[in-house]
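Here TrEMBL flags Y234, 247-251, 287-294, 384-386 as FAD binding site. Feature annotation from TrEMBL assigns domain 'Photolyase/cryptochrome alpha/beta' to 6-140. Per TrEMBL, the feature site 'Electron transfer via tryptophanyl radical' maps to W318, W371, W394.
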Amino acid sequence: MAKKYQKSLIWFRRNLRLADNEALSEGINNSDNYLLLYIFDEKEWQNNPLNSRRSSDIKLNFQWEAVNNLAQNIKSKGGEILIQKGKPEEIIKRLFEEHDFDALFAPKESGTEEKQVESTIEDLFLKQKAVVNFYAQSTLFHEEDIPWPIGKLPDIFTQFRKENEKQTKVRELFETPEDFKSSIQVEVDFNFEELEINPVQFDSKSALDFKGGEDPAWERLQQYFWQNDQLKEYKHTRNGLIGESYSSKFSPWLALGCISPRSIYFEVKRYEKERKKNQSTYWLVFELIWRDYFHFVLKKFGDDLFNKGGIKKLDSKWKWDLELFNKWKNGETGVPFIDANMRELNASGFMSNRGRQIVASFLVKDLGLDWRMGAWFFEHQLIDYDVASNWGNWAYVAGVGNDPRENRYFNILSQAKKYDAKGEYIRHWIPELNQIEGFNIHKPSLLKEEEMIGEGLDIPEIYMKPIVDMRKWEY
C-alpha cells in the first residue's frame, strides 16, 4: 500500500538517535522512499567575536563520533545516511533539485540562526508544492502541552516548574525503526579528514572519556542508573568536582540529541518503580525541567537573549578586554579554583555545573568582563554546548536573564571551602601547587611569609600575584 509521500527528505540535526525520534518515525511511516541526511554546518568553522573558531576540535570530534555512530546504526538496519559539510540551505536546495522531494521531515530547533535556516528551507519546499514537517522534539514537555503559549511563558522558573509538575504529561516515546530498507542508497564517502580538524586524545585527568553517539549515551545511562546504582545519590553528589560518579553527565548526549530527555525521564520512572524513589530521582527530572525552561525562554525572547543587556535590556558597564579574558580562558588567573576549572574545560570539553557557575561569576563580577565573552568561549569549547542552556545560564549569572536575584555573586573562597575543602580538585588539575597542605592550596597569595619559608614552598609567581586581590573573599 502506497504511503502519503512518494519520496521524502529526513534531515537529522540535533536528534542524532534512532530511539524516540519523532521526525524520523513520521518520515519513515509516511514515505515510500526517503533520503536520510546530516549536515555539518559550516558556521561551526567560522570565527566568533573573540576571533576564534566557533567550535573547537574537541567539540567537533565528539560531534563526529555521534554522527558516525548514527551512520553505523542505520547501516546495521539496511540503510545509508548522506553526510555533508556546508550551508544546510544550499545543500538541501541542491538535493531537492536532484530528487524532487514530496516532503521534508526534521526536528525544530530553538536557536534563532537555526530558525532562519528552517524558514529558508521551508520557503524552498513550499514554492515547489512540497510539504514541510518540523517537529518540536528537543524538550521533556512538548511546547504544545505546557500551560501557556510561548509568548506568555512565566519569567520565573519556579512558576514554570510548579505548573508543569501539576498538569503537564510527558508524551510517550516513539518506537525505534525496525529497518531502513526504503532509504535511498547513497555513496557514503564522507570521512573525518573532510572536517579539517585535529583528532583529540583523551586526557586521563578528565572525569569521563566521553564518546559521541546514541550507543555511548545509553551505556552511560545503564552504568549510572543500573550497574552502579548512582542515581539514588544524585542530589547529594551533583555538585562534586572529581570522577565519573558525581553527576549523571548526560548533557553532552542530550545536547546533540543522542538520547532524548523523555527517554531519560521514563528510565527514571522505571528506576523509581524497580529500585528507589527519593529526592535524587526527583532532582534529575527537576534538572531536565530547567533545561526545558531555557529552551522555551529562547523561543520566547529570540535574539534578545544574545544582546549585551539580555532580555532585561540592562545598560551595564562590562569591559571588552581580551588580555584579561585570555588569562581567564587559559586558566592563568592565579586563583586556583578558577584555573583548575578552566584547565578541566580546556582538556576535556567538560566542566561541572558548580564550576561553570563559579568561573562565570568570576568573569562577570570580579573581572567586570562582558558576559558574552564567556558564553562565546563556552560555545567554542563545551562538548555539551546547548544554545538555550548556555546563553540562558550566562545571562542568569550576569543578572540580565531570568533571575529575580540580579546581584547574584559567588565568593570564590567560600565556594572552595564548601565544595573542595581539602583541595583535592586543585591537586588534580594544578599539580604544581601540591606542596601546599589542606585548604591553603586555594589561597597561596594569602599565606603568611613565615608559612612560606617554614614549608619551603616553590610556588609559581602567578599564584603569588593573582589578577585579583583574594583578600576580598576572606571570611
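Cβ coordinates come from backbone N, Cα and C, glycine included.
Positions of the features from TrEMBL, shown on the structure.
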residue: Y234; record: FAD binding site; DSSP (3 states): helix
residue: K249; record: FAD binding site; DSSP (3 states): coil
residue: E287; record: FAD binding site; DSSP (3 states): helix
residue: Y293; record: FAD binding site; DSSP (3 states): helix
residue: W318; record: site 'Electron transfer via tryptophanyl radical'; DSSP (3 states): coil
residue: W371; record: site 'Electron transfer via tryptophanyl radical'; DSSP (3 states): helix
residue: Y385; record: FAD binding site; DSSP (3 states): coil
residue: W394; record: site 'Electron transfer via tryptophanyl radical'; DSSP (3 states): helix
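Taking the Cα atom of each, Y234 (FAD binding site) and W371 (site 'Electron transfer via tryptophanyl radical') are about 30 angstrom apart.
Applying DSSP to the domain 'Photolyase/cryptochrome alpha/beta' (6-140) sorts its residues as follows: 59 helix, 36 strand, 40 coil. For K249 (FAD binding site), the count of additional Cβ atoms within 10 Å of its Cβ stands at 17 [all protein chains shown]. The highest number of surrounding Cβ atoms within 10 Å, among the recorded positions Y234, Y385, W394, is found at W394. Least packed by the Cβ count within 10 Å, out of the recorded positions E287, W290, Y293, W371, is W290. Of all the recorded sites listed here (W318, W371, W394), W394 has the Cα closest to the Cα of K249 (FAD binding site). Summed and averaged per residue, pLDDT over the domain 'Photolyase/cryptochrome alpha/beta' (6-140) gives 97.
Distances between the Cα of E287 (FAD binding site) and those of the recorded sites W318, W371, W394 are shortest for W394.
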